[in-house]
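Annotation comment: TrEMBL describes 52-71, 107-134 as region 'Disordered'. The compositional bias 'Gly residues' annotation in TrEMBL covers 57-71, 120-129. Annotation source TrEMBL lists compositional bias 'Acidic residues' at 107-117. TrEMBL lists 153-388 with the feature domain 'Sulfotransferase'. For Lys162, Gly163, Gly164, Thr165, Arg166, Arg243, Ser251, Lys368, Gly369, Arg370, Thr371, His372, the entry in TrEMBL reads 3'-phosphoadenylyl sulfate binding site. The active site, for sulfotransferase activity annotation in TrEMBL covers Lys162. Feature annotation from TrEMBL assigns disulfide bond to Cys351-Cys363.
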Amino acid sequence: MAPPGPASAHPASAEPLSRSIFRKFLLMLCSLLTSLYVFYCLAERCQSLAGPAVRPSGGGDEAGAPGRGALAGGPRELAVWPAAAHRKRLLQLRQWRRHRLPALRDDGEEAAWEEEPPGLTGGPGGSGAGSSVAEAPPGTLALLLDEGSKQLPQAIIIGVKKGGTRALLEFLRVHPDVRAVGAEPHFFDRSYDKGLAWYRELMPRTLEGQITMEKTPSYFVTREAPARISAMSKDTKLIVVVRDPVTRAISDYTQTLSKRPDIPTFESLTFKNRTTGLIDTSWSAIQIGIYAKHLEHWLRHFPIGQMLFVSGERLISDPAGELGRVQDFLGLKRIITDKHFYFNKTKGFPCLKKAEGSSKPHCLGKTKGRTHPEIDREVVRRLREFYRPFNLKFYQMTGQDFGWDG
């Protein structure tokens, strides 16, 4: 038989060649897919960072924000957030400096919060370590422009002066779904003629699911305020922080005395005639505490179920409990709990535990917790008698006994 020719050798050599080509094709395909995956991951990382981290001029090493985020003490510490959480956090951080600057209240005092040395964090509630307070310290931050929108407030703390409104607002601002104006706008009592567009511009930017808030305690005693707020939105939720009217009046007087030491004594201002014991209800310190009278004006425009009455006393003794009620009222998840607070024995007030990444807690400022002057016991007794019927009516109207006459 003749040996096989070249044509018969072709099938044997073609089989290894096709396998080689197939293997190279698979290798190239795997390399391409791997490259696409790496490119996709890098693109996702760039998107989540949303921009460069910027360090303020003159700054040294600064602590980063808690958890994950595009905040760090330097480029090596830059971390990645999931895009949605990142955008929300950056929006809060962008407004941090604006709203943490000392805000001037209507009485000209600075806002009532200061940063305390960590040595004061003892007492009930723990040391503050491991706290998850949502406030971030100043530091490096990624700039995020035109994120969110400004909305008219869905909830307003309308009163009362010297009742604990500043403390409540600062406690609420720990919640990631609450955005609030730091200074008191005084729109519905002093600046209503400027219009709602002006008022809206005062508000912080919010994202979907966040609540815009403000607090101006004088609204509660302003006769025009209920109708004006109702005209803005009948669905506005109203919060009133109330306190024993006698203690509130003395606190009010103490604040005025700190600015004007030459004013008459508390006793002389309380009575129209000390001999007859007739109380001077035209004095604002006395008038504000007639809560039932002021509440009547509000109930003409808002149902009682749209108002929440917070105890100023319980806000001190059990801040987490009162904040739980407020969060429920606002339809918020209960994020603010007792782990956020410690009691400062020196001041006699609860303070916010330190924010993660910061060495200092937030506590009531020097303008709060002033020592009250000694008031004649007979004057206090007469004031309690004066307020008793108004208090009882207020308990009946709100369905709450605040225990001021026990």
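Glycine too: its Cβ is placed from the backbone N, Cα and C atoms.
Automatic, uncurated: that is what TrEMBL annotation is.
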Cys351 (disulfide bond) and Lys162 (3'-phosphoadenylyl sulfate binding site), distance between Cα atoms, whole Å: 17
Among Ser251, Thr371, the one of these binding-site residues whose Cβ has the fewest neighbouring Cβ atoms within 10 Å: Thr371
Packing count at Gly164 (3'-phosphoadenylyl sulfate binding site) (other Cβ atoms within 10 Å of its Cβ): 28
Mean per-residue pLDDT computed across the domain 'Sulfotransferase' (153-388): 93
Euclidean distance between Cα atoms of Cys363 (disulfide bond) and Thr371 (3'-phosphoadenylyl sulfate binding site), Å: 17
